[in-house]
Amino acid sequence: MKTTTILILLTHWVHSQIPINDNNTATLCLGHHAVANGTLVKTLTDDQIEVTNATELVQSTSTGKICNNSYRVLDGKNCTLIDAMLGDPHCDVFQYENWDLFVERSSAFSNCYPYDVPNYALLRSIVASSGTLEFMAEGFTWTGVTQNGGSSSCRRGSADSFFSRLNWLTKSGSSYSTLNVTMPNNDNFDKLYVWGIHHPSTNNEQTKLYVQASGRVTVSTKRSQQTILPNIGLRPWVRGQSGRVSIYWTIVKPGDVLMINSNGNLIAPRGYFKIRAGKSSIMRSDAPIDTCVSECITPNGSIPNDKPFQNVNKITYGKCPKYVKQSTLKLATGMRNIPGKRLRGIFGAIAGFIENGWEGMIDGWYGFRHQNSEGTGQAGDLKSTQAAIDQINGKLNRVIEKTNEKFHQIEKEFSEVEGRIQDLEKYVEDTKIDLWSYNAELLVTLENQHTIDLTDAEMNKLFERTRRQLRENAEDIGNGCFKIYHKCDNACIESIRNGTYDHDIYRDEALNNRFQIKGVELKSGYKDWILWISFAISCFLICVVLLGFIMWACQKGNIRCNICI
């Protein structure tokens, strides 16, 4: 009888350690959005941290074609800008043209008398930024010389010709008169006069064309003066010519006067180009020109400008992203990603945010999952989600505003004589790119750190808001979940989510259930030890009772034990 009583008590005590499924309680967990495969971004504290979503900030590819909408793009085809300006016969189609961007092709060539421009890059830049080849002829008077010289190397149709914007002056009869010509600028804009000097290949050619053994050209204004002497000598043959023409130019301001003095070798201007102040430019590119829309053009082709940085080309025209060395910079536009684990014990996937994120949330970044007498459910929290989104939205636009160029980065060219300047310019440009690349990475890592911190903060705010509502009616069980010690149906759960929960209504019930449950509840971690100890004690007591029974039976004679040797 004693043994039976002890076994019943032990069995009742062991069963009391097993949690009872009580419909008078509920579990509420808080969590955040997660995805199966997140995106790695860089922050100030971590080179690689996974987030639910990120936006690429570096444009690394072009369309492969130049868009002719948004800007007037002029295809130079077989002509360079300088050839078109001088009036090379095969470039006559470009006379009086206008452009925002003049595209020079690698296939461009000169098809007139061979020439050089001592300061080619500057003249090219002046004409390119002006955006027009508008030319105004002027009535220069050249007496005592023959005008409109031509060459077989520069044919217009079937006749010998020359650059249409220049006038090659040679001797008249057996003399070449000294020339003194003035041309005032009575207009209110700058005028660009292009002129040159001819360098014969031999002394015989010099006297044959200009009589004098050596000519001289002097062009002056109130602000400047240039005196050029011909450099007679043989040069490599180009289009059947060993001589050369050197091209110079003079800008005459309003109210100033152009003065030309020469006794031979003068390549005279026929008029002037109107200089305009503008944002037009020039670019070398072999990308085809197509009908499309883009505000940013590179030699590789047009690129979108919806990103703050680009790694396509240093040379750009239009409203373009800033060039950086990095091929990728990702801006976090979502929260820290903690993919959900498959096994979660008694509550399955209902574990809270401390353990994992929730995949499949479609109605918010933050939300609730619950388990009560009516089953399980999930719902997003609009308030905390919207607070996080409001802070993240606009980040990309703000970064673009900080970095987008509102001007173009022109090509820079230098003659061989200006090699040191070219090296210095290259060093300055490379340094600027290094600085911008560093600043871009720093900016992105700062923004990423801020995004992750604020999304974590919104999760904590939601948790604290829920804890303050529940007070003593629930217990924080340590994994982002609360155990609610009163019956909480779906309407009750909804009141917690929307902030209308009244803890006073459930206070007495919660306190009563808490004390009842706590009386028999054992903390996880001690249950196994107690069960094993109770099992061992039970076995020991059974053995003692069995041994006592055997001894009692032997004493009464009911059991006999024979030992044989």
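The backbone N, Cα and C atoms fix where each Cβ goes, glycine too.
Per Swiss-Prot, signal peptide is recorded for 1-16.
What Swiss-Prot records for 17-529 is topological domain 'Extracellular', and it gives sequence analysis as the kind of evidence.
Of all Cβ atoms in the shown protein chains, 9 besides its own fall within 10 Å of the Cβ of Asn23 (N-linked glycosylation site). Taken from Swiss-Prot, the feature N-linked glycosylation site covers Asn23 (among others).
The Cβ neighbour count for Asn37 (N-linked glycosylation site), using a 10 Å radius over every protein chain in view, is 8. Under DSSP, Asn37 (N-linked glycosylation site) is assigned to coil, being neither helix nor strand in the three-state scheme. Annotated N-linked glycosylation site per Swiss-Prot: Asn37 (among others), in sequence order.
Residues annotated as N-linked glycosylation site in Swiss-Prot: Asn53 (among others). DSSP assigns Asn53 (N-linked glycosylation site) to coil, not to a helix or a strand.
All chains included, 14 other C-beta atoms sit within 10 angstroms of the C-beta of Cys292 (disulfide bond). Reduced to three states, the DSSP call for Cys292 (disulfide bond) is strand. Per Swiss-Prot, disulfide bond is recorded for Cys67-Cys292 (among others), and the stated evidence type is sequence analysis.
DSSP assigns Asn68 (N-linked glycosylation site) to a strand in the three-state reduction. Asn68 (N-linked glycosylation site): 21 other CB atoms within 10 A of its CB, across all protein chains. Here Swiss-Prot flags Asn68 (among others) as N-linked glycosylation site.
Neighbour list (Asn78 (N-linked glycosylation site), Cβ cut-off 8 Å, at least 6 residues apart, same chain): His90, Cys91, Arg105, Ser107, Ala108, Phe109. The annotation N-linked glycosylation site is assigned in Swiss-Prot to Asn78 (among others) on the grounds of sequence analysis.
Annotated disulfide bond per Swiss-Prot: Cys79-Cys91 (among others), in sequence order. In sequence order, Asp88, His90, Cys91, Phe94, Ala108 are the residues near Cys79 (disulfide bond), counting only same-chain partners six or more apart with C-beta under 8 A.
Per Swiss-Prot, disulfide bond is recorded for Cys112-Cys154 (among others), and the stated evidence type is sequence analysis. Take the CB of Cys112 (disulfide bond) and look out to 10 A: across all protein chains shown you find 25 other CB atoms.
According to DSSP, Asn180 (N-linked glycosylation site) sits within a strand segment. As annotated by Swiss-Prot, N-linked glycosylation site applies to Asn180 (among others), with the evidence given as sequence analysis.
Swiss-Prot lists Cys296-Cys320 (among others) with the feature disulfide bond. In this structure, Cys320 (disulfide bond) is part of a beta strand by DSSP.
Its Cβ taken as reference, Asn300 (N-linked glycosylation site) is surrounded by 18 other Cβ atoms within 10 Å in the chains shown. Residues or ranges marked as N-linked glycosylation site in Swiss-Prot (evidence: sequence analysis): Asn300 (among others).
In this view, Cys488 (disulfide bond) is surrounded by 28 other Cβ atoms within 10 Å of its Cβ, with every protein chain counted. Annotation source Swiss-Prot lists disulfide bond at Cys488-Cys492 (among others).
Residues or ranges marked as N-linked glycosylation site by Swiss-Prot: Asn498 (among others). All protein chains considered, the CB of Asn498 (N-linked glycosylation site) has 12 other CB atoms within 10 Å.
Residues annotated as transmembrane segment in Swiss-Prot, with sequence analysis given as evidence: 530-550.
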According to DSSP, does Cys492 (disulfide bond) sit in a helix, a strand, or coil?
helix
What subset of the recorded positions Asn23, Asn37, Cys154, Cys554 lies within 10 angstroms of Cys488 (disulfide bond), using C-alpha positions?
Asn23
List, in sequence order, the same-chain residues at least six positions removed whose CB sits under 8 Å from that of Cys154 (disulfide bond)?
Asp88, Pro89, Asn111, Cys112, Tyr113, Asp160, Ser161, Phe162, Phe163, Arg239
Close in space but at least six residues away in sequence, with Cβ under 8 Å from that of Asn53 (N-linked glycosylation site), the same-chain residues are Val35, Gly38, Thr39, Ala332, Thr333, Gly334
Using the alpha carbons only, what distance in Å do you get between Asn498 (N-linked glycosylation site) and Asn68 (N-linked glycosylation site) once rounded?
54
